[in-house]
Amino acid sequence: MSILSVILANKLLTFFLIASVAFCISTISLGVNVARLKTELNERDNNTDTTTTSTTMPSTTKTPTVDVSKYRLPTTVKPTLYDLFLYPDFATGLFNGTVIVSLQISEPTDTIVLHTNGLNITSVSVKGEQANFDVEKLYEIVTITRKNGLKFTTLFDTLSIEFNGDMKNRIVGLYTSSYTNQGKVTQYSREHGTINCILVIMSCCGQGTAVDKNHAEKNGKKCLMCLFSCCIFWFLLCAILVTVLVFVGRHLLYNSVPIEKLKPYSDLSSVMKISEKRYRRLANDTRPSLYNLTLLPFLDQNYFDGFVNISLEIFNPKSELFLNSQKQTIFSVVLDSDKGKNYDLISVTENLKYGVLIITPKEKIFPGNYTLGIKYRGPLGKSLAGIYKSHYKFDNKLRTMVTSKFEPTYARQAFPCFDEPNMKAKYIVHLLKPKDENYIALSNYPVEKTTSYDDSHDLVTFQETVSMSTYLTCFIVSDFTYTNTTFDNDGNQTELRVYASPGNLEKTTYAGEVAKKVIEYYVKYFGIPYPLPKLDMVAIPDFVSGAMEHWGLVTYRETALLYTNTTHSTANKQRVATVVAHELAHSWFGNLVTMDWWNDLWLNEGFASYIEFKGTDAAEPDWEMMTQFQTSDLHSVLSLDATLSSHPIVVTVTTPDEITSIFDTISYNKGASILRMLEDTVGATNFQTGVTSYLNKHKYGNAVTQDFLNEIQAAVGTTFDVTQMMDTFTIQMGYPIVSVTYDAVSRNYTLTQKRFLIDSKAIYETNTTYGYKWTIPVNYVSNLGKSQGLILFPYNQESITVQRPEGSTWLKFNYDQIGYYRVNYEESEWKNLINIYNSLETMDRTHLLEETFSIAEAGQLSYKIALDLTQQLTNETSYAPWTVAHSKLKKINTYLSNSNQSTAFKTYIRNIVSNAYQDFTWTEADNDSHLRRLTRIVVLSLACTVDHTECLSQAQEKFNTWINDTSEALSQDLRSIVYKYGMVNADEATWNKLLQVYLSETDASEKLKLINGLANVKDVSLLKRLLELAKNESVVRGQDYFTVLAYISSNPVGTDLVWDFVRENWEYLVERFTLNDRYLGSMIRTVTATFSTQQRVTEMKEFFAKYPNAGAGASSRLIALESVQNNINWLANYKSTVESWIISLNES
């Protein structure tokens, strides 16, 4: 008879034996701890008596004086979030830990004070910089100060503390307590399941500070009660243990459970409560080489089924396999080696937060080749991420399609995979589609074959792909049609197709034409053929981004791909061309060569954002795209990067939220801007040579920033250190302002530099690698032409001198605003530049306008200079200068909305825009150039903004004519202005009529113009209706929801409405869009952009405190708060200066 049989036959006896042993052990432990506590209480009693004596009479011993107030922490610093990592070592009884504390600081302070007891603190850092710390054991506190002596001043700060401690011989704080039991973690063999588990319990409770004897005794009594409770707990646990043994024993003796009868893994698995650090990145010693993927999306169901076989190579012995999976129900997992061995599995568990699947085999896996097979099911919803459904109407019927969007970390929602950019692999895809001949299936590569799956479906198999990252894969099932053409691919013809829903086919022609020109230009510029056998572009009705560069199957929003000159505006046309150029550039930057990790996202997006201007310029040379770079990309990032809330281009990110958050203006626009500067510095030929070499060296692989800089350096030679110059712009945030002084005697300019911030009084740390100094490539233009040769201003040099060319009558630094820095002159030099404004080229005129207002906003230049410069606009006719003027003057107009000089300022703007208004008028000519059409819209918009009588009258008249007969012709370029200003004074009947037009409209671009008109009424009740209507996805698509909120909040009477709505409906917004949606985060910045009171700051802080988890929007919150504070500062510091200038202008 076996031991197990004896146990089963004598259950009661077994129970009492085990219980008795456990009770004896607990009693002994209780006695030991009582003795220890008695000693501890006596010690505390002695310390308390000493403390009391020392506080009431002069001390005659070395016992320190106790300041009772130190037991309370200062109230100026409050924690908002603890990110805690604990690493217990059960073998030694010791533990290590790291805690990252997000702090809210209400006023500047020299110190940060925290509680600590029994911990050995090894390191403290603030925002990555090491800090001083002092532990006072008597008070159980640690005091932290900055090494440079600066105060902690920012609204929010981040503190990182590393520590270690002891878990042995204690039952408070972090301690060990263990027992052996049978649990419910399932082991899987090939055909049958067995159950076995060892459960480890870790408990943590707080221990207060005993100031007097009574407190110490109370704590001691609590510990005694805790020990007594433990005894009872052990007794009850024994009963549970025996019960589990009985049932498990019966299972082991008589039968086992067939695996096919078990529930899916995801139902049995529990999230493992271990260090999150291991989940943030996958191990580099397991790499996929091929995914054989079958996807079965059912259009009439809310789920899809999938099966993936992953070919793996493992380089080190492993006891676990980690890969990514999210929102999936796992049905079966099979692991085989290439030598025919199959592995029994102990468990398959999932970390839900990071989307990591952990597969634990019974025996260790050794280096070699393996195949991992997983059968699963996933949701097929409308989330706009992963694989999802999209709907559209055609012939008054609702149609359904399936599409996907995986960047940055959503491929794991479509199939279990190694979802990191450097885990490249090949793919063989099998995709289910309806048998209906109108339906097609698309993926990255051409179709290999189609076979029947069942009576209703076919299975489409695609050719094996080249090696690519998971986020670049794409799968579409739809009834779309296409137009096609071919492009010259280095002597070969490659097919290019543009797909759209049946009702939009005629709108795809222009995209195909521009794509053909752009991609042929790229093939020549890069010197590398387009790598894939086909190129498809698809207009998706519901798409969260503007577009996505899936390799060979590029997907777009309809507004970014569809265009005809009869239904779309000039701005729509340029939008299509630039987005197409951007996405096709990714075929080389991002797809052929991919950043190794998201830290170097700018290698993808910065490159594409710059190269798109070259590609569009090649396709549409009359548009002067390179001159539009300033207003399109540069100026917006200069504004953002002049805040403390910015971040470096190369930034460390690990979590999905952090990764999503850096798809922002810094990665795109700053990346593009410094590449533009680099090309000018090294020369166009060297830049092109370096780019081609970089692509060739790393094609079908991954790279980091240094790889690119190495190739540029090789092209340049030893002229200067490319890496050193670029590092000052990539690894530290912000940029410099160069101050220029002129000595007329020596004809020398002296240049100095410092960091430029909108808040020039902001305090920040300077003990970084480069101390917020930059190696600046300096250039200039004069009446003699542009400077020649390289002038470098090294970061470690206080100043440099530049000789004024002989014969020059004026000189302006940073020609074409090509350098990523600002320039400030003495007042006399500024006046000279104002006088020669009309002699400058367009980009230099644009530069002066943007520079003067930006430097004035930072308090480093009088607003009188900036406003004096605007008087030169009376003769301006170019697009870029008027774009800057529109932005800067409109902003000041908003600042002055409650000023006595508001009307006078509007009058001034009407005067300077008058000539341009008369030049452009509302009448369009067939031969108007592209830029003239764009400039007309800017000029008319500015005129209407400042209540230009004729402008408003014309807008109203055209709107009234159109709304009464919508078949009446209305210029596509003028529609946005006519709808907006025609609706300002509209009544409810007119609003309802426009709403019906909107609801019946099918073109995505036109719908956005119409809803902007609906959002511009003064009637708050109508705006409330629009807010509620926008929740309905049949009225406003999810992709356009935040755009609608932005439209309403930009209306002065709608700002409060949207702000209140967001605060009251935050949980709804998070549930619908998730915190990982970067548009949800950036929406806060948009809504609060015009806030300018301390009350608003308080409201924002209260809102952020109520909902501290910001997800991908964390940085946007900081930027929003800083922007509002800058608005407050502007009103306090510069409003009176502007008002005085207006008064003096009127007096003169």
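The backbone N, Cα and C atoms fix where each Cβ goes, glycine too.
For the Zn(2+) site that TrEMBL gives as His582, His586, the extra residue drawn from Glu558, Glu605 is Glu605. Annotation: stretch 810-1125 has the most Cβ pairs under 8 Å to the domain 'Aminopeptidase N-like N-terminal' (78-186), among 288-472, 510-729, 810-1125. Secondary structure of the domain 'Aminopeptidase N-like N-terminal' (78-186) per DSSP (helix as H, G, I; strand as E, B; remaining residues coil): 0 helix, 69 strand, 40 coil. Look at His586 (Zn(2+) binding site): DSSP puts it in coil. Applying an 8 A CB threshold to same-chain residues 6+ apart, the list for Glu583 (active site, proton acceptor) reads Met537, Ala547, Met548, Glu549, Val554, Tyr556, Ala608. Distance between Cα atoms for His582 (Zn(2+) binding site) and Tyr668 (site 'Transition state stabilizer'): 11 Å, as a whole number.
Residue environment of His586 (Zn(2+) binding site) contains 24 other Cβ atoms, counted within 10 Å of its Cβ in all protein chains.
Rounded to a whole value, the Cα-Cα separation of His586 (Zn(2+) binding site) and Tyr668 (site 'Transition state stabilizer') is 13 Å.
Taking only the Cα positions, the spacing between Tyr668 (site 'Transition state stabilizer') and Glu605 (Zn(2+) binding site) is 5 angstrom.
Secondary structure at Tyr668 (site 'Transition state stabilizer'), as computed by DSSP, is helix. Its Cβ taken as reference, Tyr668 (site 'Transition state stabilizer') is surrounded by 23 other Cβ atoms within 10 Å in the chains shown.
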